[in-house]
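For reference, the structure discussed in these notes is given below.
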Amino acid sequence: MGTEKEEPDCQKQFQAAVSVIQNLPKNGSYRPSYEEMLRFYSYYKQATAGPCLVPRPGFWDPIGRYKWDAWNSLGKMSREEAMSAYITEMKLVAQKVIDTVPLGEVAEDMFGYFEPLYQVIPDMPRPPETFLRRVTGWQEPAVNRDVQAAPEPSHPPKEPAPPSPESRLPRDLDLEVFCDSVEQLEPELVRVPVLSPVPAESELPHLHTGTGDSAQRVWAEQKEAAGRELTTRSSPESPEGFGGSLMGPQELDRWLVGTVQAMQESMKDVHRRLQILESKPQPLEQQRSPRTRPWPLGLSTPTLLFFILWPFVVQWLFRQFRTQRR
């Protein structure tokens with residue numbers, strides 16, 4: 001009986017945690033690490049698809065290998081255990097947000113995204129109630145409201161602002177798409193071996209890319225990562241120049257355009273220098289081509305003729321001498 005009652009609660013909490021992560025803003029105050037995103041992905045896959053039975057992707061798919069390793073590391077963990085681990089990881093993330101992000105810098109709707117978790121997870125970490133009352137008009141835990149409805153206040157509390165369109169994910173995504181909870185992280189993960197690990201530019205809701213677009217972006221990022229060391233000297237600004245964090249799509253496009261322009265200028269400069277070197281007059285010694293020597297041993301023409309003709313001259317003189325003696 002206890003198990004039958006526990007499974008629906010665990011699944012309900014799991015679905016609520018998935019919904020919260022799916023709705024987190026991309027440009028929020030908290031940026032999860034790569035390890036956290038991979039853990040969320042692995043727990044989700046284990047909870048929805050079971051143990052990893054698919055073969056490991058090839059070397060040409062580094063993102064798939066990262067995700068496969070994270071999923072495969074869970075072994076034969078049951079789906080209920082994976083859901084529980086997912087919820088536990090969600091609690092750790094919520095506590096980390098409370099501990100690391102100053103409450104004075106948190107947007108008013110920041111903790112509004114976690115409100116569904118407060119309704120189904122009683123021990124979900126939450127900020128001080130005074131802060132919740134001040135920024136969101138939150139009065140009491142939603143669990144108590146389910147038991148006993150609270151009276152309406154004299155003035156309606158301030159509703160949490162809905163996420164902006166640019167930070168909100170498409171709602172037509174099915175749950176299976178969300179299982180790849182590091183889809184939007186793929187360009188950043190490709191750069192992990194090249195750049196030092198820094199907080200990701202995008203937040204956890206990174207599921208709006210399809211399989212084809214994801215593969216194209218991975219291939220483009222692989223080429224960009226392979227040529228980064230070659231273009232660093234000629235690049236107008238390196239990736240580390242953007243505030244010490246990874247670049248967003250627009251910043252990456254601007255940086256790539258600048259890099260290509262710098263490379264083109266470098267190639268033009270090299271070509272111009274080569275033309276200048278080719279057009280310079282060569283020194284006299286180099287201009288004077290080595291003179292062909294038709295005569296052997298470097299002998300002059302008269303000397304060579306003398307060596308050729310002297311036997312005949314001697315023979316003729318000898319004959320003249322003999323003729324005169326007779």
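Each residue, glycine too, has its Cβ placed from N, Cα and C.
What Swiss-Prot says about this protein:
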type	residues	note
BINDING	21-30, 41-45, K67, Y86	acyl-CoA binding site
DOMAIN	10-99	domain 'ACB'
MOD_RES	S164	phosphoserine
REGION	147-170	region 'Disordered'
REGION	223-248	region 'Disordered'
Averaged pLDDT, computed only over the residues in the domain 'ACB' (10-99):
85
Go ahead and report the DSSP secondary structure tallies for the domain 'ACB' (10-99): helix first, then strand, then coil.
62 helix, 0 strand, 28 coil
10 Å Cβ neighbour count around L24 (acyl-CoA binding site)?
22
Sparsest-packed among the binding-site residues, when each Cβ's other Cβ atoms within 10 Å are tallied, from I21, N27, Y43, K67:
N27
